Amino acid sequence: MQSYIKNFESSWFAAVMGTGVLAVTSLFYSEYLPILKDISFLLFYFNILLFFVFLMLWILRWVKYPKNMIAELKHPVLSSFSPTVAVAMLVLGIDFILIKNNLFLGKIFWVFGAIGMFLFSLIVPFYMFKSESIKLDHVNPGWYIPPVGLIVIPIAGSLIMPHLTGVWHELTVLINYFGWGAGFFLYLALLAVVIYRFILHHPLPSAMAPTVWINLGPIGAGIVALINMVNNSPFITIKEPFYIFSFIFWGFGLWWSLMAIIMTLYYVKKLKLPYAMSWWAFIFPLGVYIASTHLVYKIFGFEIVDYIGFGLYWLLFFFWIVTLIKTINKVYSGELFKDKIN
């Protein structure tokens, strides 16, 4: 049990993020296949269990092995996955609101997730900015996770805004627009850095190959958050320009989806693709992009857009099942809990 606690990395919460977004997209596409609504509820309850098991291990690791946790925060690659605990809370907040219609618990998860994400969005970049050991080898799409977490804040936060008044409403509006603004422009800056690495450096190591899908995270989350903010902000009287930007941004995401598929096939054929926890990077980014696809369809009414989303949904479901099975096998063998940070 001690090895499980000692080597429990924050990146495990990516499983909660992925399962949560699969639950939401299952609910969305239950319009086509009603049984998906039941699957959505099953995934929701399974995800709650996952989260609290992981949260217990995460807290125990802070108590028993604080040096390991601090080392993770300072690591040029692993540090980017530290915010996943906060993003997982934000995703559960979304699930409670959309799947269970439970605004109260949705608010609680959103508040803790937003606070955690605010802290991580400062801590992780701070350590990176002052580090003198970061190299081009360390650059990878996992660096998008802190910006993605900020962008996820207004997804649930915008759904909460109409239910608040006075200073609490104003504070929530401020938090939502801060999250989207800070996250989106940090993503644009990091996009240039990551593309630079892709073009002028050697390919990602096979264990990090699935992170190419993380590019879809800020795109999908950015679209969903922007649409939610616009729809729930009475002071925005002309909404069409934001909708059009969302559609354009969605097109960029479609290109990334195709590129991610091509790159994954390349890694499978040329470099192999051994299982690693990074496989969970397949899930959340693709899932949130699928959610954005459904929202774009709802706004513009282009059925072909929703058909694309429904097709990608089954790819998402396939990724989730394979990754879950592989993860369970590796947990059983103990391979995922070997010492990595000393």
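Counting begins at 1 with the first residue displayed.
Placed from the backbone N, Cα and C atoms, the Cβ positions cover glycine too.
According to Swiss-Prot, the transmembrane segment annotation covers 8-28, 39-59, 79-99, 108-128, 142-162, 175-195, 207-227, 242-262, 276-296, 304-324.
Taking every recorded stretch in 79-99, 108-128, 175-195, 207-227, 276-296 and counting its Cβ pairs under 8 Å to the transmembrane segment (242-262), the highest total belongs to 207-227. Tertiary neighbourhood of the transmembrane segment (142-162): same-chain residues 77, 80-81, 83-84, 86-87, 90-91, 93-94, 97-98, 103, 106-107, 109-110, 113-114, 117, 120-121, 124-125, 169, 172-173, 175-180, 182-184, 186-187, 190-191, 193-194, 208, 211, 214-215, 217-218, 221-222, 224-225, 228-229, 231-233, 278, 281, 285, 288, selected by CB-CB distance under 8 Å and a gap of 6+ residues from either end. At the 8 Å Cβ cutoff, the transmembrane segment (8-28) and the transmembrane segment (276-296) share at least 3 close pairs (sequence separation 6 or more) and count as touching. Residues 114, 117, 121, 125, 139-141, 143-144, 146-154, 157-158, 161, 215, 218, 221-222, 225-226, 229 of the same chain lie 6 or more positions beyond the ends of the transmembrane segment (175-195) yet place their CB under 8 Å from a CB of it.
For the transmembrane segment (276-296), the residues of the chain that approach it from at least six positions outside its boundaries are 9, 11-12, 14-15, 17-22, 24-25, 28-29, 91, 141-142, 148, 152, 207-211, 213-217, 219-224, 227, 246-247, 250, 253, 257, 260, 302, 305-306, 308-309, 312-313, 315-316, 319-320, 322-323, 326-327, 336, judged by C-beta separation under 8 angstroms.
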